[in-house]
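**Student:** Taken from TrEMBL, the feature domain 'MRH' applies to 1-73, 77-225, 231-369, 371-518, 524-668, 672-814, 822-971. Annotated transmembrane segment per TrEMBL: 1000-1023, in sequence order.
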Amino acid sequence: MNNGNLIYERNRLTLRYTHGNKCDLSLENRESTLIHFYCNLTGDIIGSGPIFIQRWPNCMHEFRWYTSAACSSAQLYHCQMSITDQNTGKQYDLSSLVKSNGGWLAVNAKSPSNQIYYINVCRSVQGVMGCPNSSKSCLIINQQGKNKSRIFHNLGRISKGIKIENGLLSLFYTHGDICSDGSSRKTTRIMFTCKYGVKNAPVFISHENHCHYYFLWIHEAACPVQSAAGENCRIKNPLSGHIFNLNSLYNPNQDYIVTDRKGHAFNINVCGPLNVNYCSNQSANCQFYQTNHTLRYNCGRVNKILYYHAGQLFFNYSDGDLCHGLHHRSTIITFICSPNITIGRPIFINESRQCVYSFIWPTKLACEEQTECLATNPNGSMVDLSPLTRNQGGWKVYNVQNSIGIDKKIYINICKALNPVENLRCPAGSAACAILPRSNLTVNLGGFDHPAKIDPDGSIILRYAQGSPCSADTSRNRSTLIIFTCRMGSIGYPVLDLNRSDSCQDTIWWRTNRACTSKQSKWNSCWIHNAITNSMYNLSRLNQFSESHYVIQSSYGLIYLRICDTVQNLALSKSECAGASVCLAQNGSSLSLGSVDSSLLTILDRDILTLQYFNGSVCSKNSSQRISTTIILICDKNGGNGKPILITQDDDSCEFNFIWKTKYACSLHYQNECTIRNRNGQFDLSPFSLMGSDWKWVDAKGNRYWLNLCDPIRNRPQGCLPSAAICMQDRNEINTETLGLTWSRNFSPSNRDQSVVTVSYAFGAPLCQRRNQSATTAIHFSCDSRISKPKLLQFDMTKCRAQFLWPSILACKRQHGPLPDNDCIITVDQQTGIFFNANDFALPSNNWNITVTTNYGKNSTLFINVCKNLNALNRNSSCVDSSACIVESDGIHHQIGSSTMHREFYMRNHNILEMILPTKHRCRPGTNKTITTVIFFRCDPDQYLGQPNFVYESQDCKYILVWPTLLACYFSEIKNLNGTVITATDNTTGISRDQARNHVTIIVIVVSAFIICTLSTRLLVFWRNNRKNVLFMR
């Protein structure tokens, strides 16, 4: 009879069916069936089927059944999610990528769009309709034509955990469905790569003969783990920003009682004191004997410090009572993610010899499941919105229509609940939140619980539902509708649409490049332009550190690879590899793995490029095919040049696949490119830009500004976009707005008075009245005798444009080429004979020294001696033969100006003399610019020699100093009282220090006498006029 109950006993599952027919062997019994289920990891769900063992005298039929369905989660999911790199000592933990239900939808950029991939980390994709329950990687094929059925493939279900192979963090799944060869089984390899602040979806990259499948996953969860400690039972994951809060585990009425099966019991509570006072009012864990309650021990003092390490949360309660007279008792409680347990309770694990009591506590409060942010279409196309997800704060929604009475502030996050926002207390779990006008109350506008969808018109719809009750209609809850539409080149901003909103639902429009589906690009074999993000990639720089080729070891032989060119090897160039970009050398022969003339460069996904070489040698297993190579290039800004790693070599499909992490796969605006080029020519911003830092200033109204001319702002305030070039924060430090993005910069000749050039930035926040009108910024550079910071001129609301004026010596134009230099005596003007003797600033036995703080915050001393070698510095240092040197606080010397290399002098407008002291040291790899000291001598009548003032270190490694001095005043023409011109000297030999003093004295006497005479004459006239007036009045 079908009355069986599944029983777990003695580590075995048993199913019994009773009350069958009468037993022919024993009239007292009836026929029954007993089935023992055994775990079989290598089988499928059905497994072996029932295997008959025997029939017992009591008419019980006994069977055995081997199946993976009988495997416990510990057996089925015996998958190590953390690992330590033995070479670097760094730890990795992927537990936050585990999905308790369903799986991750992978971006499919290579297979037909009717193929959909789902993967999970160390768990099955159970919950994905149609996929086998045991599958950890699943392929769904939507059949085309009239028969629109779906086919499901298990791509792997058994794993031993993550490994580090060839420097890549990898997860392998085996024992999938049978491959087409009839013997092999399908497998999956997921390769993870770290990128802080990025939560991309996994990307399917290739397969070998539809049997072995490869995925790439760029995610911050693949970065080395970091430890943290938080107060008040709260802690933030330092990588993802997720906040764990365990305060709800505290039970104010009753402690948790746990036994250890040895006669001991424990009173435990967390995030607060125990309810019983057996041990101490400061105890977090009180141990007692079950048979003798008078024997009690404090096993750790209560605290609210929650620790996070390697994906685990734990409390450490220390300083308890003495144990065996040697150690103080302590308690460690580790919290385990268990999605189906709300609160849970502690479970005793063990007691160490040092009297450390260990417990685990399963609870969903310890879970941090990463959210998926893919918008899908029934036809298989998808858009990844995860770049819009914020780990800190949220997005401010702009009300550009500015309707009267509608002044509520709305904040949203994408595919995730809002993070804490300053001065905003949003209800827990809200993905959209509003501050109501006048009352300042916060309202939940909905939470994220359903994925985004792609509408037939191409727009992407994301709905947040189940917010706070709607006061206008008590039958409804507040909700939010976010509509994304494509806008090439800009990430855009969310904007409130009042016309489509009502009292219970807010509608938000967001025009952004993240909603664009077609990757329209211009390319050749070495560079590619992404029209969606308006970014450029140039791979030719990968050859600058390799004279001929890269060499990769493989099981077939040595592989020679050269990007954008043929391999430069004389022996190979005369072989089968002539014209090849990739060549395999084996046993004295060679094979072309792809020709430079048959290449294709594409954008696979954000920060991932694919470079393919086709038309190699004829494939040995299929003469109709030729060998090809695919190189997956991943942007790694801190990875240097990197090197290609061979990940697959498929004999059947004759395809070789590489992964290459390098900074040269990043878009150019990540590469410190600081020269703007357009039809007006080019303008180099690097001398105006700070090395490793940002310009910061405050305007007259107290508003604060951050500016970086070359790169996105490094130390940006919260609310400033990651790609922002300039941001403004109000004086109350509440609202922060982006006024322009780095990649949008442009320049033009200025049409303002006294301005040399105007640099502009676009795609700022929509701050103005007109719908979706983004703020722009114009910075007008003007020539000045000083170096100052930008000054706000006005904010033009009609054009939504912020205007700044930036006076600077660097904006003064050079009047002509280098000035004649005769042993540091510089001829300034050959017609008048004016010269400048820089030797006057040379010190015979000392150096000019300046205490400086570099842009990176280091305290250093700058030594300088104009036209001479530095005096009394360490002769063994790198500052030998130097005129300028930086000495850091730890004693390290850096030459920043050579005394032996050719120096140069220039006159700039505004009568500024520029002195350049070069070095041979490169500014940074990959650039021709060298470290240089630049001194600007400017006129200051109050300082005779004056002294050098360090201003800043520029982006192109220039140490910029301004030197005010009286000796620089003689570059100007001096007019006498009659209006004629006199120069600083009346001979052709220039002026010396003594002559300078004499000329100044004469001029001062003449001017003083003239002023005295003028004043005396005016006083006499004034006295006579007043006397006449007095006489007339009489």
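Using N, Cα and C of the backbone, Cβ positions are placed for all residues, glycine too.
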**Student:** Can you work out the mean pLDDT of the predicted model over the domain 'MRH' (822-971)?
**Tutor:** 84
**Student:** Give me the stretch from 231-369, 371-518, 524-668, 672-814, 822-971 with the greatest number of Cβ pairs under 8 Å to the domain 'MRH' (77-225).
**Tutor:** 524-668
**Student:** Contact between the domain 'MRH' (822-971) and the domain 'MRH' (371-518) is defined here as three or more C-beta pairs under 8 Å separated by at least 6 residues; is that satisfied?
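**Tutor:** Contact between the domain 'MRH' (371-518) and the domain 'MRH' (822-971): absent.
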**Student:** By DSSP, how many residues in the domain 'MRH' (672-814) are helix, how many strand, and how many coil?
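**Tutor:** Helix, strand, coil within the domain 'MRH' (672-814): 9 helix, 63 strand, 71 coil.
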**Student:** Looking only at the domain 'MRH' (822-971), what are its DSSP counts of helix, strand and coil residues?
**Tutor:** 10 helix, 75 strand, 65 coil
